[in-house]
């Protein structure tokens, strides 16, 4: 009941103030790089370059070529090579043998899929359903990540290339591209390091070291590459604050995997239930939120032997997005079924000494679509992404079907969180919608909170809050 | 508490844990036997009968009595494992020294493996089909030796030997700290599932290898045994097809191997699980007269360099204490203690940690001198002058290439022209040795060459290149935890250290970390060629780099006050400003 009354108190969007976007000049933002990803996507320098074409081709026998392909690229590529036109011309019997093997494997795969339907190859459409980026398949920007300590912004584009931007705009943009890095779903800079970034993609995890030697163009492959044990795409990941553990989730796997990249070891967190889709580590690393592809979501207690609490959201949906408050005491999330912002509170009740640390999910904001201005453009509806500023003063919400960004004011006390609508941000044109948003970490105490917005046009905008 | 009593207290505690592991292992024997019986007595159409027969067999008096020898062997195995965990880790520079030091211990352990393998096979054959149960049987009204039984007993011994060779022969036993610290029951379930499932696959190769060996030499063994026991020879397993077509025998052999392998793997995991549990240590030594005398402090435990496990546990305890987010517990580190209101806790911890870093770095530098690629390489090699007629962009490219090559240890194909040739003094007086001295030197050199040419001499009596470095890196786990914990303490001290006890030691901590980082950076080009350390190098290097970065970022504004200006300060500032 208390939750309902709380919901009623939340003012509707029609009460939002006028947009303050672009009204004043912020000098700090002058040093930020001006980025337009669409222009760079067509830039020839960012085209894929593979080492292979640079070498003079040599003549090699069919068998030798197939064996080489096997050792270089594995069984499936060598089978494809066996069935290629070139091989058929040189040794038709090998091509036929390849066909027979392929048919046999096809039958085996069909049988396997009939018995284990959940092991079906995960399509891009299915991945797009669960990632936080809007229109992930066609969006120019697929993910953005700010370095935790130095001014470095990584932007993953639709061309599977990650570009690293720094404050120094004269320097050439560092480009990370590799054949083992397609369909990028997530990225994360390693905490306590200025140079290491990990990219989650269809093939697994690509670890890069972005240092000065990259200008020479020699580092054209990841420093490390880890595949998911079941060869599945990585859909979400997060580092712990010390940068020694990396949690990953895949929409094809029930387990969350905790990696120790330095030692190359990993350990799965196993629970019965639907596969995982979204991971968010609390700022203090006390809790790990894990959303799934179904209505179930879990919160793991990282200090108490990784025990877990199981929660469910509305029927037929899943948690679309979630974020932790900077203090780590509150978790906000939204499901795909209803445009309601929920809050989960993690405060130690030391005064009342309750034996069971009971938590309660409370709805705190109604995000149903409503008219934003006199042009009757809408704001609200199903939520795409949440982002909370590092100072805990602003909460930013983007939507799946409307193009404005809603900004809420938040006030955090020890046992309570108050939220009120502030204003909204819009693109340069009405059709422009936010694909991805993220806040820049605070590098100094006096720094402003800066929101980085990747618009659907490929434009990257930085918006500084007071 | 003296050093000796600290060692005793720690060892006693660990011994208790080892006993718990032994007890659990003994209990697991009956679980493994039950699984084996469920396989052997499988009846698809009568499931209840199948289960009741299996359970009644496990609970029968025969089983309890027959399993006594196996339980004894398991206890012996456990004791040896316990001794290996608690023993001092000594560095043996040559293979001969390794043999002298480790061979008796390894042989004893091999014997324990063979005994456990043999007794498991002996116990399990008692529940098999009648043909497989006894060493001899009635054939043509005469006693014959049963080749089936011999095959299975041999399988047990072979499986034990296989596990020892593949897991324990070259490596020392190590405790593994889990990445995710699950509840005890969950850990046990996970270990059981993974061991049992994996051993079914892993036992395929040894089963096939043993079967091949039995086909080749089994006849000889059976013949010898029939002579010893004065019975007739069994001809059922003669020839290749006799062995290969006996499906039931192969199935029994495979099942037996998988049981033995999983049994030994489980014993290893249980020891690791029990020993890696958090150690009850204290930060402050309680001075009250009535408190337990055997309370061990973190600092004392960290100082036990001769009990590696205790050092690891103490380092892990410190790491957990600092990273768990409990400010109250951390505050003990910054406390002023009575009498004298001195920061005794911090002082002792800091001194111990710095001594650990210092000793490790010194030993690492010494060991790196013996690596030929690094030998005599200065920390920053002098730059050769670039010709003046080169353009600016070309010069920049060359400088970058040289930096890249130096960073990754790439040497030039042609050695750079030495200026020494030009600078060589023309008139130098050399002492010319007389003929006697010359002859003796030549003789000595030829004798050395001659000895080195004898096969095995160099192999046995020469220290392999980089062996000491690999040994140090393999045993660097305590340092990994301590270095991360110390950097966290330093960072937390900004807000939690009310008396400023940490800040006086910050320069020393930063310097020691920076020094270690420098040495590890030098080693990075050759680390992959070293035999042994595996991922230890990257774990240690990553921990040192992140820890130093953390401190530098947290104290960025005060770095110039902490470290006097110079090359060191410049290096630290570049660590932060890697944009």
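If you go along the chain as it appears here, the first residue is 1 and each next one adds 1.
Yeah, the Cβs are placed from backbone N, Cα and C, and that goes for glycine too.
Both residue B:106 and residue B:502 are recorded by Swiss-Prot within identically named topological domains, on the same side of the membrane.
Between the listed ranges B:22-42, B:85-105, Swiss-Prot ties the annotation transmembrane segment to B:22-42. Looking at the topological domain 'Perinuclear space' (B:43-60) alone, the prediction's average pLDDT is 89. Between the transmembrane segment (B:145-165) and the transmembrane segment (B:61-81), fewer than three CB pairs separated by 6 or more residues in sequence fall under 8 Å, so the two stretches do not touch. Remote same-chain partners of the topological domain 'Cytoplasmic' (B:166-202), defined as residues 6 or more beyond its termini with a Cβ less than 8 Å from a stretch Cβ, comprise 31, 35, 81, 84-85, 89, 106, 109-110, 113, 258-259, 261-262, 264-266, 268-273, 275-276, 309, 312, 316, 477.
Remark: secondary structure over the topological domain 'Perinuclear space' (B:128-144) totals 4 helix, 7 strand, 6 coil, with classes taken from DSSP. Counting residues per DSSP class in helix, strand and coil order gives 17 helix, 0 strand, 8 coil for the topological domain 'Cytoplasmic' (B:82-106).
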